[in-house]
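Going by TrEMBL, these are the annotated features:
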type	residues	note
TRANSMEM	B:6-24	transmembrane segment
TRANSMEM	B:77-95	transmembrane segment
TRANSMEM	B:115-134	transmembrane segment
TRANSMEM	B:146-167	transmembrane segment
TRANSMEM	B:179-198	transmembrane segment
TRANSMEM	B:254-276	transmembrane segment
TRANSMEM	B:288-308	transmembrane segment
TRANSMEM	B:406-430	transmembrane segment
TRANSMEM	B:451-472	transmembrane segment
TRANSMEM	B:478-503	transmembrane segment
TRANSMEM	B:510-528	transmembrane segment
TRANSMEM	B:534-557	transmembrane segment
Amino acid sequence: MQSYWKRNKTYMLILLAIWATVSYGFGIFFVEQLNAFHLGGFPLGFWFAQQGSIYVFVLIILAYFLLMDRLDKKYDVHE
Amino acid sequence: MSLQIWTYLIVGATFALYIGIAWTSRVKDTKGFYVAGGGVPPLANGMATAADWMSAASFISMAGMISFMGYAGCMYLMGWTGGYVLLALLLAPYLRKFGKFTVPDFVGDRYYSSAARLVALICAIFVSLTYVAGQMRGVGIVFSRFLEVDVNTGVMIGMVLVFLYAAIGGMKGITWTQVAQYCVLITAFLIPAIAISLKLTGNPIPQVGFGGTILGGADSGKYLLETLNQIGRDLGFAEYTSAFGAGTKPMIDVFAITMCLMVGTAGLPHVIIRFYTVPSVRAARLSAFYAILFIAILYTTAPALGAFSRYTLTNALSETPYSSVPAWFGNWEKTGLLAWVDKNNDGIITYRAGAAFAGKPTYSGETGAHGQRLVTNTPLDNANELYIDNDIMVLATPEISQLPPWVIALVAAGGLAAALSTAAGLLLVIASSISHDLYYRIINRGASEKIRLLVGRVMIGVGVIIAGYFGIHPPGFVAQVVALAFGLASSSFFPIIVLGIFWKRATKEGAISGMISGIGFTMLYIVQTKFMGVSPWFFGISPEGIGTVGMVINFAVTYGVSMITKAPPLAVQEMVESVRIPRGAGAAIDH
């Protein structure tokens with residue numbers, strides 16, 4: 001069970017790192033640098049701040065669900 | 001058919017639907033009343049969570065706020081969605097496994113202390129009450145704009161309705177009504193957004209049209225956002241897409257507010273409680289995914305709608321003689337959402353940066369030389385002559401884009417669905433905090449099932465009356481206390497729940513002193529800066545974002561005090577071990 005919990009924490013930390021990077025990193029701290037690039041009519045930093053980060057949030061939560069579902073089965077702790 | 005008839009028809013039909021759902025899912029036991037019997041499927045719980053979460057502010061005000069803030073609107077967009085990542089990864093699965101009815105339940109058991117339960121209980125009630133007052137006001141405002149009844153009558157109708165379906169159906173009734181309310185509100189939000197996107201950019205997907213080019217008119221072929229930047233430069237506003245320029249919030253403040261809203265979202269009791277209603281830990285994780293998906297549909301559309309309406313409105317009004325403005329201008333002038341003061345007496349609307357006058361418009365009842373409604377507000381010393389309320393961007397968009405009356409009626413039903421669903425969720429938290437955590441757990445452990453159900457229903461009634469009172473007599477600080485609700489939630493619950501799950505060594509002394517110091521600091525700062533005129537002294541962070549600092553203080557104090565106090569009893573440490581393993585969650589239990 002120790003390794004189950006450890007693996008769970010690893011998934012969590014990786015996903016939270018992505019969460020912080022897209023929102024605080026791309027959307028706030030480096031927004032001006034990213035705005036030099038464009039995605040169609042969007043300055044890239046602005047796109048991350050108002051659109052991209054939200055899409056990534058959805059994917060993070062989906063990824064966590066799928067990863068944990070597999071992990072639960074592997075360690076036989078699912079219901 | 002006229003707009004009035006359409007509105008009565010659509011709003012009436014949705015109300016009948018909500019009551020019908022509540023009646024068919026009425027409950028007979030406390031388990032059904034508090035956690036909907038624990039058998040809600042993840043997809044339904046996702047929708048219910050989304051409706052629970054998205055309030056009148058999300059539906060009516062957010063797109064407008066973003067359209068005036070430009071880039072900085074991202075703090076609401078990221079703040080009110082990013083919290084779900086924290087919720088899904090750090091809280092929901094474990095609280096579900098723990099499997100009791102309420103948040104104070106977890107705090108009380110994990111920290112083996114009635115004092116901790118009581119502190120959590122007070123926080124939960126305070127946060128929910130401040131929030132629900134705003135929702136009732138929202139119901140009243142939507143009623144008064146679309147059905148032309150008095151705001152107070154609107155509040156009253158809302159009170160009766162919420163009481164009926166929350167008291168009959170409890171959590172079970174609320175859950176299924178919220179599912180219906182989500183469907184109503186998302187349809188009502190998307191139809192006008194798609195129509196205006198199609199009209200302006202030729203693209204039916206607002207999220208894509210937002211970054212596309214303008215279809216016709218003087219700016220044909222130019223990128224919409226680039227054009228908005230140009231308009232900003234021409235009229236003296238900050239550029240729409242650029243961050244941290246003159247006149248906008250500094251980076252540290254945008255960061256602190258975003259963080260505070262995220263953490264506050266994850267710590268709000270009416271959101272957390274929804275994860276107790278699903279059958280398993282797996283279902284809790286899955287319903288967190290559905291919730292963020294359903295929320296993201298509205299939250300990615302809102303900034304697009306904000307940009308579209310900003311362009312359409314500026315284009316229609318700026319440098320236009322008052323005599324030739326579209327008919328809707330007059331209609332919205334009547335509601336106090338638009339006003340024009342002809343400062344230079346040329347009969348042409350001059351739209352520039354800055355407020356035309358201080359505060360909301362108060363009309364003298366007379367009309368001016370060009371037929372405009374005169375306001376009694378003293379004009380401020382700048383060139384801007386136009387007052388535009390945030391809320392108009394969502395409320396008036398269908399009219400400005402000349403959509404049929406049934407769409408406008410649908411927007412009214414959507415706004416009501418958003419306000420009612422959030423109000424019901426909050427009232428249930430208040431009722432369960434008092435009837436379960438206070439009455440049953442602390443005052444009368446021997447109460448029978450029947451008595452407790454009755455106390456729960458009575459408490460919903462009491463909650464409705466208090467919320468309605470504040471809806472009718474809004475204290476001047478309603479808008480300010482919303483900041484307080486998020487600040488309190490982030491500086492109280494979040495740190496001690498996370499530490500409670502991830503750190504077995506966290507002790508009751510640590511948690512109690514952590515909660516008190518986190519909240520204490522946050523409250524003090526908000527009172528100082530909002531009510532006592534002290535300027536924001538902590539790195540210039542505004543009161544809306546100070547919960548972030550309160551949260552850090554709470555984490556630090558809980559850690560420090562836990563290290564110097566006796567480790568928690570073995571039974572508690574074993575409980576922490578067990579919440580980390582999904583198997584054996586069973587249904588949420590009474591105890």
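Each Cβ is built from the backbone N, Cα and C atoms, and glycine gets one as well.
A Cβ distance under 8 Å defines the sequence-distant neighbours of the transmembrane segment (B:254-276), meaning residues of its chain 6+ beyond its ends; these are 34-35, 38, 45, 48-49, 52-53, 72, 74-76, 78-80, 82-87, 90-92, 95-96, 99-103, 124, 127-128, 131, 171, 243-244, 284, 287-288, 291, 422, 425-426, 428-429, 432-433, 485-490, 492-494, 497, 541-542, 544-549, 551, 588. Beyond the ends of the transmembrane segment (B:6-24), by six or more residues, the same chain brings 146-147, 161, 164-166, 168-169, 173, 176-177, 180-181, 184, 405-406, 408-410, 412-413, 416-417, 420 to within a C-beta distance below 8 angstroms of the stretch. Below 8 angstroms of C-beta separation, residues 107, 110-111, 113, 115-116, 119-120, 123, 480, 483-484, 487-488, 491-492, 495-496, 499-500, 534, 536-538, 543, 546-547, 549-551, 553-555, 557-563, 565 of the same chain, each at least six residues beyond the ends of the transmembrane segment (B:510-528), sit close to that stretch. Long-range contacts of the transmembrane segment (B:179-198) within its own chain (CB-CB distance under 8 A, at least 6 residues past either end) are made by residues 14, 17-18, 21, 44, 47-48, 50-51, 54, 59, 204-206, 209-210, 294, 297-298, 301-302, 304-305, 308-309, 312, 394, 397-398, 401, 403, 407, 410-411, 413-415, 417-418, 420-421. Within the chain carrying the transmembrane segment (B:115-134), a Cβ under 8 angstroms from the stretch's Cβ atoms is held by residues 55-57, 102-105, 107-108, 268-270, 422-423, 426-427, 429-430, 433-434, 437-438, 441-442, 463, 466-467, 470-471, 474, 478, 481-482, 484-485, 488-489, 492-493, 508, 511-512, 515-516, 519, all 6 or more beyond its ends. Tertiary neighbourhood of the transmembrane segment (B:146-167): same-chain residues 4, 7-8, 11, 15, 18-19, 21-22, 136-137, 139-140, 173-174, 177, 408-409, 412, 416, 419-420, 423-424, 427-428, 431, 457, 460-461, 464-465, 467-468, 471-472, selected by CB-CB distance under 8 Å and a gap of 6+ residues from either end. Contact check: the transmembrane segment (B:451-472) against the transmembrane segment (B:534-557) gives fewer than three Cβ pairs closer than 8 Å, residues 6 or more apart, which falls short of the contact criterion.
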